[in-house]
Structures are given as C-alpha cells and as structure tokens.
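The transmembrane segment feature in TrEMBL is assigned to 33-54, 232-252, 259-277, 315-336, 357-380, 452-479, 500-521, 600-622, 642-672.
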C-alpha cells in the first residue's frame, strides 16, 4: 500500500467514481480568457498588417522583370505593355561578383518585345539601313540616324553587339549550345564586339552560367508540366480510386476490424516483399547490360531521372531499403503480438464509434478548408510585404569613381555633378528598399506574419482535435449505445469548443507556435553558418535543433491529450494538460506500447493504400502491361504521375485515418479513466466493450454476484 500511495503521489491521484458523470460536462464555463483576448487582439493586428501590406506592396515586382529605370516590362496599361522581355546591353558584366552582392547586373537593361535572333555589331548595322532599323529596337530612346557609332557607344545608347538569344524567365540570355567540344552561341564560336575585341563563345559562359543551369532546370520543369497536361485526368482517376479504397477500408473496419487489420498486415508484408523481388529481377536483368555497373557517385546528378533505372546500383539500393523495412515490420509484429490484440480491440471500438458518428469522416474537409485560408492569407501577405519596398537607384561605372554605388536620381542624372565627374557612369535601378519607418520595421512585420501563420494553423488543427475528441467521448461514456449518444455530436462538440474553450485552444497553439518559430530561426542560423569553420558552434546548433525537434513532438503529444481532457471536463488548458500527463504516466507502459502499436497499424493502412495505388500506377504509366499500352499517355518521366498519386493517396488516406487516430486516442484516455473510475461491480460497471474486458481478464458483475 505505501508503494501504491507513493506511486500515485508522484503521478497525481486516480479518478474517483462519480455517479453523475455521463461523459463530456455540459455545465461548463469559459477557460483561459486572457489568452482568448490575446488571440483575438493578435488576429485583429494580423488583419491590420495585411491591410498595410496590401496598401504598400506591389506584386508586379515578382511577376514582371524591371528595366534600368525601375519600370516593369510587359505591364498592362503602360508604354511597355508590348515589351515583356528584359534585354541586357552587355551580358558579360553579369559575371561580376557585384551581381552576388547587390543582385543587379551592372549594365543597361532594356524592355524589348522579342529577344535578338541574329549576331550583329553596331558598326556593321550602321552600314545597312534595314539592319540599323532592327538594331535600334535594342537601343535607348534618343538615338538618331545621324549619330556616329563611337558617339552612340560613348553615351551608352546602344549595345556594342547583339547575340542570338532566347527568353528565360522573361529575360534574354544568349542561346548557348554545344557541337562536339565547341561552345556555340547561335552558330558561331567567336565574335568581334565592334571595338576590335574578339570574344570567345566560351567566355560568355561565365556571364550566363547560372542562367544555363536555370535553363536546364526549366526544361525539366517544362517536361514535368507537359507530363501533367497529358496525365492529369488519369491522376484524378487515381486519386478518386484512392478515396474509394480508403472509404472501403473504413466500411470494412466497421464490421471486420480484426480480420482487416491482420489482412492489412499480411498485405503490407506481401507488397514490400514483391518490391524486393521486383528490384532483384531488375538488378539481375541489368547484369550483362553495357554501362549498368556505373556507380551512382560516378554518374552524378542527372536531370533525366530514367537514367538511374538503367544502373544496377539503383535497384540494389532499393532492394536493401525495402529489405530493411520488411525486417523491421516483421520484428515489430513478433515482439508486439499481444499488444496488437488490444490495439485491434481499440480499433474495433473506434470503428463502432465512427459508425455512430459518421459526420466525423467529413470533418477533415473543414480543417483542410480553414488551413487553406490560413496558408493563402499568409502567402499573399508575405508577397505584398516583400514587394512593398521602393525602387533604389545606384551609380554604376566602368572606371574609378568616388560616387560609385551611391544612390542617385535617374530623372536628373544626366545633368548632375556625378555625371560631370564620372562621364562613363550610369544611374541604374539596383534593388527595392526604403528608409521610412514602415521600411525600417518591415522585417518585424514579416516575422509577425510567420508567427501568426504558425499560431493560426495550430489553432485550426487544435480545433479539429478537440471537436472530434468531444464527439467520441460522448460515444464512449454513453451507458446505452446508441440511445444515450447526443444528437449531432460533432456540431455539439464544435459549438462547445468555440464557445467555451477558444482561449485554451489559443494557449496550446501559442506554445507550439513559439517552439516552431524558434526552430525556423535555428534553421536560418544554420543556413547562415554553413560556411563557418567553428565546429563547436555547428555542434551546439545541431544539438539545439535536435532538442527543439523533440520538444515540439512532446508538446504536440501533450496538447493532443490536453484537448481531449478539455473536451471532456471543460477545465483550463494547464489543468487539463496536467491531468492528461499524470493519467498517461500512471499507465506509462500501456501508453508507450499500446498507443504506438495502434499508430503503427493505422500507418500500415495508409502504406497499403499508397502501395496499391502506386503499384497500379506503375504498371499503367510505365507501359509494363501490354493491355495498357494503347491507353496510357506518352510521358517524358512516367514517375511524375506515379509520385503525384503516391503523395496524393497518402494525404487522402491520412485525412480519413486521422479521424481514426483521434478516435483511438480519445477512447484510449477514456479507457484508462474507466479503469480508474469503475471496478466492474453492479454499482460501478465498466463502460468498455466486452472485447477489451476479455483481453484484460476483467468482467462486469451482476447484482446477484
């Protein structure tokens, strides 16, 4: 007895029998009012930040490129409406380190309607009138036919030469290509810039190297986009199929939970086993193929991902990963087989609960809609905040100048003292900034936007958890099911959560949001310190990231159980979190094993749905089955729709199974309280189902007994 008292003293007092307790308390009051008021004020301030950002921001800065005067190329309703592309006078200057410092190429930039499609120098263009008319479309305003080529170049009115170019992200970059070992721009390897300088095509690579990488990435993106246009309807069909399979699982679990769980376990083992066998046959088939023994390290990164499927090492890696997964699953099943029986009983009871509260399956749609609103508001506000700076112009020059990189005004720069002292200088648009009070605190507004995003997103998730917990608790504590279950339990629980416990939801969400923001700051510091040589700082940062990751997981777990207690008893967040924590600590072995086993079984259900849809998609889009060859679309990368379907199927399955997970967690806490409140006597009967009583070797006694 002393040991038991000491045990309960450390982990709180167990629940005592209450004859009046019939489930979630109806007579309750508002909780955590201060935090509720703080949350409302924060939301009002968030709207104020959004209105301020929308009044100051200009999203056109993201959409349209900007010329040397800070004007938007292709902007509707302006003289540049028909000139959507940005042309650089001298792309070679884009190779300057200045570009990395100020994100601005130190050369004149002009809005044009099309990129140059031929090589031409200014001197040659002046000779032929038709060529000169074409050349002038890439010159500044003010150039005349009577001006000589040296005067034009001296005043910076025209580029020294034009290169064949192609548009990329609305900017004109030289059309680089390769023939053998020679680098070509258009169809030439060398150029004369009109000033007596011979330029090699390879010299241009430094100026457009990043653009070439982006161009290659853009080609991959365009191919992926093309694949989506050819396969989008099949992807939709696959997602509908995933939804149907998920619903079938839900219905089958309602009536055949035990059998379905074991079938699910066996099917997952078989699916992973098939993956191992398939990888082995692919690995063996490539044994005598030329080039198949090249290692992944030797081949490096390739934009054509199908190349990796012709390498033996790829299939060997897949086979090893699947084999490890298979062994882990089998070992877990062997050592946790007894706990699986109890978990199956909980899933059966969860199936019955969901069967009586069918509207719970559709509640995730409301959560998804609210999260979409929060994400959209955050994204739009972030764009407007990031584009609310003013255009800043700086002095760019080719020779030494004391005013270099100082601010300037393009309106009167030609007559300014700077132009007189530095004749070759130019006043070009540099970046967007500002020195007003609004611009000084802009970083703070961005931080507030991120913080409120986390807070609101966590609040929406918490609202869903508390709503479902209240509904399923009403089911568990109903003495005569379904007679004692209240009408519309989901709506009743949602109403209680919003009316009485907005403050508690905001409190739990605030704690989690603070931790998530700290994690974001740590990731930012890690990014900034990547080039640092201080190993101790890196180690300390790594430890902090790991600690806060663990803390976030723990707080999510504690919050989830605290919301269940709030939904049942109507107490404030801290009291509910304490009660939930002590209740779980008094049953720590069951929590550590049973709860995680249930999560594992539900995860296997998600994995099975993803596996079934993924295998079907693989055989359909890869053309491995002849029956599908005429039906399947022709794709650049057949893994694009397969990967999309796998991710989409997982999200759909997660939406359905998240209701199951919340139901199991709620019933689990109620089950633990049932064991403490009642003893199985006629006066204090257990409310758990017979299946759980049988597994626990307990039973309800009748009055005669």
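Cβ atoms are placed via backbone N, Cα and C, with glycine included.
Bear in mind that TrEMBL entries carry predicted annotations, made automatically and left uncurated.
Count of Cβ pairs under 8 Å against the transmembrane segment (33-54): among 232-252, 315-336, 357-380, 452-479, 500-521, the largest is for 500-521.
Using the rule of three or more Cβ pairs under 8 Å, pairs at least 6 apart in sequence, the transmembrane segment (600-622) is not in contact with the transmembrane segment (452-479). Tallying C-beta pairs under 8 angstroms between the transmembrane segment (642-672) and each of 259-277, 315-336, 357-380 places 357-380 first.
Same-chain neighbours of the transmembrane segment (232-252): 260, 351, 354, 361, 605, 609, 612-613, 616-617, 620-621, 632-633, 641, 644-645, 648-649, 652-653, 656-657, 660, counting only residues six or more beyond its ends whose CB sits under 8 Å from a CB of the stretch. With a cut-off of 8 Å on Cβ pairs spaced 6 or more residues apart, the transmembrane segment (315-336) and the transmembrane segment (259-277) reach 3 or more such pairs and are scored as touching.
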